Amino acid sequence: MGTVSSRRLWWPLPLLLLLLLGPTGTRAQEEDDDDYEELVLALRSEEDGLVDALQHGATATFHRCAKDSWRLPGTYVVVLKEETHRSQPERTARRLQAQAARRGYLIKLLHVFHDLLPGFLVKMSRDLLELALRLPHVDYIEEDSSVFAQSIPWNLERITPARYRADEYQPPNGGSLVEVYLLDTSIQSGHREIEGRVMVTDFGSVPEEDGTRFHRQASKCDSHGTHLAGVVSGRDAGVAKGASLRSLRVLNCQGKGTVSSTLIGLEFIRKSQLVQPVGPLVVLLPLAGGYSRVLNAACQRLARAGVVLVAAAGNFRDDACLYSPASAPEVITVGATNAQDQPVTLGTLGTNFGRCVDLFAPGEDIIGASSDCSTCFVSRSGTSQAAAHVAGIAAMMLSAKPELTLAELRQRLIHFSAKDVINEAWFPEDQRVLTPNLVAALPPSTHGAGWQLFCRTVWSAHSGPTRMATAMARCAPDEELLSCSSFSRSGRRRGERIEAQGGRRVCLAHNAFGGEGVYAIARCCLLPQANCSVHTAPPAGAGMGTRAHCHQQGHILTGCSSHWEVEDLGTHKPPVLRPGGQHDQCMGHRGASTHASCCHAPGLECKVKEHGLPAPQEQVTVTCEEGWTLTGCSALPGTSHILGAYAVDDTCVVRSRDVSTTSSTSEETVATVAICCRSQHLAQASQELQ
C-alpha cells in the first residue's frame, strides 16, 4: 500500500493559473484485488473550479501485474475511452510529452494503437503517472509486464474419435481454408515439417534477452515457435496438415515477451484483416503473463471482429483466471493432459485449471519439429502444445463450416470432447467443481451434429463473504441464457435469479449472512430465433409453496430458479414430484420468489425429469437421454441443507451438506429437477443441408 502526499493550494486563483504547469499533488491508493493491483489517482483541491479548468472531472485508474518480478516499470500502455476520436491517441500523447517536457522529463512514444483499441505505448518515468492519469480522455493506464512461452505421437490418436482410429491419423480435412496466426518466437521456416506452409511476417516486437552473456543461437531462438507450428500443421506430426500459418515474433530467444508487444502483434493482425479480408482466422497465443486488463480487452475486440483466439491456460498449477490472455472470456483457453488423460505435471508446477479453462488437450511429450536441423524432431510439454492442438481442430471445423461464429465453435469443441476422463483429485478441492472435465477431440464428422442443441455451463467468479455480496455469470453475446442456478460450499446463500443488465440477461447469485460466498452458474445455449422471458411468482407465505408458470402462448419452460430475502428458509415439507401434465411450472419454497425461464423458438420441445432421495445425500443427479440437452438444473425445496445445483454436461447435480455434519429429519428429501430440451427445427435444417 503506497501513498503520494497531497498539498492544499492557498494562493489566489490568478497565481494558481500561472502555476498550472508546475507539479500538482494527488493522493494515490493501491488495492490488491487478487487478479491485479489498481492505483486510483484523483485530483484534490480546495478550489472547485480548478478541476473543471483542467478538465480532470473523470478519474482514471492504474493497473499492474500482481506478480512483482513480472512487472516492467517505465513502460506503460495508456488506454483512452472508447468514444474518443481516431485522432485522439496522437493528440493525447503529444500533450503528455509537452507537459512532461515543461517539468524536465522526456517521454518516448513507442506505438500508437488505432485498430485494436484507442491508446498508445510510452516509455516514461513513473513520476509522470499522476500527470498522465489526469489527462482528458484517459480511461486507464497499465504498466507493461512480461509474458512467457508455455512449454516446458499419442496426441494425434487421442483427439481422433474412437470409431475412426486406425494405424494412421486421418483427419476429416486439412484445415486448408483457414489461416492460423502464431504469436511466438521466430520460426525455422525451412524445416521439412512446415516448409511452404508458414509465412514469416516482417512483424517483430520483442524485448532484449536477460543477461549480458546470453548467446543467441538460431536453434534456440526458433525452438518454441518451430515446434508449435509443426503441431498445428506439420506434414507428419501436425493436427491440421493443410492449414497455413503466419508467424509473428513477440517472444525473444528466451521465450519471453511483454504485454505491449503482444498488443502490437494483435493490432497487426487486425490491420491485416481490415486491409485484406480473408476467410476464417485463428490466432494461437501460446503464452501467459499476469492478469492484464488491457490484453483481455484487446482479445475481446479481436474476437468481436470475427477472429477465433486460442490461448494456453498456463503452466503454473494455478487458477487460470489469474493470468492473461487465459482469463479473457472471449478466448478459448486450453489446459494440458497426458497420454492417460490426466493433468500434466511439470516438476513442481503443471497445467493451470479452474473456471476460465474451456477444455484440455494433449500437452505432454508432444512430438514436433525441432529447430536443431531441418529434419529433426523433439518432444515438448506444456499448455502451449495443448493450445496448438485445439487451434488445429478449430481450423478443421472452420474449413468444414466457415460461417461458424466463435460461440458456435466453442460449443462444438465442448460438445465433442471426451468427457469425465480426467482424475479430478489432481486439482485443488475448491477448483474441482469449477474445472471442466473435458479433453478435446475431433467430431466424428465436421459436417454433422447440425441438429444438436448445444449448451455449456458458465461459472462466475466467487463472490465476497459479505451478507449482500452477489456473483454474476453471463453468456457470450451469441448465446441464450436458458437457466440460472447457484452454489455455496457453506450452504449459506439466498438463491439466484435472472436479471437484465445493459440489454443482456445475466445470472445473479446472492450470498447470505455468515456465508463464505457464492457462485452463479449460467446455462448458455445456442438457440436461433429464440424469444425468452422470465415469469416470477412472489413468496406465498403459506401453503405448499410458490409456483411460477410460462404464461405466454408457445413459450416453453427451460429453467427454474428462486431467491429469498430471509437468511434461512428452514425445513420444507417433502417435495411432491409432479405428474406428467404439470411440467410447465417451477415450484419453490413458500418463503421464496420463484422464477420460470420461458422461451419460444422454432421446433423447441422440452421435458422435466425429477429424482428425489431421502436426506441426507451428498448429491443427487439426473441425466438427460441421448439426443436431449440439459437446459435447466435446480433443486426442489425438500431440505434446508442444499448447497446448490449445477450442470455438468447433460447431468444436473444437486449437492447437500456433508452427511457427517447433517442433522436431518426423516421427512427431508433431496430432489433434483432437470429440464431437457431438443430442437426439431435444427434437426430439419440439418437434414436439408445434407
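Cβ coordinates come from backbone N, Cα and C, glycine included.
The signal peptide annotation in Swiss-Prot covers 1-28.
The sulfotyrosine annotation in Swiss-Prot covers Tyr36.
Residues or ranges marked as phosphoserine by Swiss-Prot: Ser45 (among others).
When the domain 'Inhibitor I9' (75-147) is classified with DSSP, helix, strand and coil residues number 23 helix, 27 strand, 23 coil. Swiss-Prot lists 75-147 with the feature domain 'Inhibitor I9'.
In the three-state DSSP scheme, Cys221 (disulfide bond) is classed as helix. Annotation comment: Swiss-Prot describes Cys221-Cys253 (among others) as disulfide bond, evidence class sequence analysis.
Annotation comment: Swiss-Prot describes Cys321-Cys356 (among others) as disulfide bond, evidence class sequence analysis. Following the DSSP three-state reduction, the secondary structure of Cys321 (disulfide bond) is helix.
The annotation region 'C-terminal domain' is assigned in Swiss-Prot to 448-690 on the grounds of similarity to another entry.
Feature annotation from Swiss-Prot assigns disulfide bond to Cys455-Cys525 (among others). Summarising the environment of Cys455 (disulfide bond), the number of other Cβ atoms within 10 Å of its Cβ, over all protein chains shown, is 27.
Close to Cys524 (disulfide bond) in the fold, though at least 6 residues off in sequence, lie Cys455, Arg456, Thr457, Val458, Cys475, Ala476, Glu479, Glu480, Leu481, Leu482, each with a CB less than 8 Å from its CB. What Swiss-Prot lists as disulfide bond is Cys475-Cys524 (among others), and the listing cites sequence analysis.
Using a 10 Å Cβ-Cβ cutoff, Cys507 (disulfide bond) registers 29 neighbours. Under the heading disulfide bond, Swiss-Prot lists Cys484-Cys507 (among others), citing sequence analysis as support.
The feature N-linked glycosylation site is assigned by Swiss-Prot to Asn531, with sequence analysis given as support. Counting only same-chain residues at least 6 apart in sequence, those with a Cβ under 8 Å from the Cβ of Asn531 (N-linked glycosylation site) are His555, Cys599, His600, Ala601.
Under the heading disulfide bond, Swiss-Prot lists Cys532-Cys599 (among others), citing sequence analysis as support. Around the Cβ of Cys532 (disulfide bond), the same chain contributes Glu480, Leu481, Leu482, Arg505, Thr558, Ser597, Cys598, Cys599, His600, each under 8 angstroms and 6 or more positions distant in sequence.
Per Swiss-Prot, the feature disulfide bond maps to Cys550-Cys598 (among others). DSSP gives Cys598 (disulfide bond) a strand state.
Taken from Swiss-Prot, the feature disulfide bond covers Cys560-Cys586 (among others). A C-beta separation below 8 Å, combined with a sequence spacing of at least six in one chain, links Cys586 (disulfide bond) to Ala537, Arg547, Ala548, His549, Leu557, Cys560, Ser561, Ser562, Thr594, His595, Ala596, Ser634.
The Cβ of Cys606 (disulfide bond) has Ile556, Leu557, Thr558, Thr631, Ile675, Cys676, Cys677, Arg678 as same-chain neighbours under 8 Å, each 6 or more residues away in sequence. Annotation comment: Swiss-Prot describes Cys606-Cys677 (among others) as disulfide bond, evidence class sequence analysis.
DSSP assigns Cys624 (disulfide bond) to coil, not to a helix or a strand. Counting only same-chain residues six or more apart in sequence, the Cβ atoms lying under 8 angstroms from the Cβ of Cys624 (disulfide bond) belong to Lys609, Leu630, Asp650, Thr651, Ala674, Cys676. Residues or ranges marked as disulfide bond by Swiss-Prot on the basis of sequence analysis: Cys624-Cys676 (among others).
Most other Cβ atoms within 10 A: among the disulfide-bonded residues Cys525, Cys560, Cys652, that distinction falls to Cys652. Cβ contacts within 10 Å of Cys677 (disulfide bond), excluding its own Cβ and spanning all protein chains shown: 25. Taking the C-alpha atom of Cys221 (disulfide bond) as reference, the shortest distance to any of the disulfide-bonded residues Cys484, Cys507, Cys525, Cys652 belongs to Cys525.
Restricting the average to the domain 'Inhibitor I9' (75-147) gives a pLDDT of 96. According to its DSSP assignment, Cys455 (disulfide bond) is in a strand.
In the three-state DSSP assignment, the secondary structure recorded for Cys525 (disulfide bond) is strand. Among the disulfide-bonded residues Cys221, Cys633, the residue whose Cβ has the fewest other Cβ atoms within 10 Å is Cys221.
Among the disulfide-bonded residues Cys484, Cys525, Cys550, the residue whose Cα lies closest in space to that of Cys652 (disulfide bond) is Cys484.
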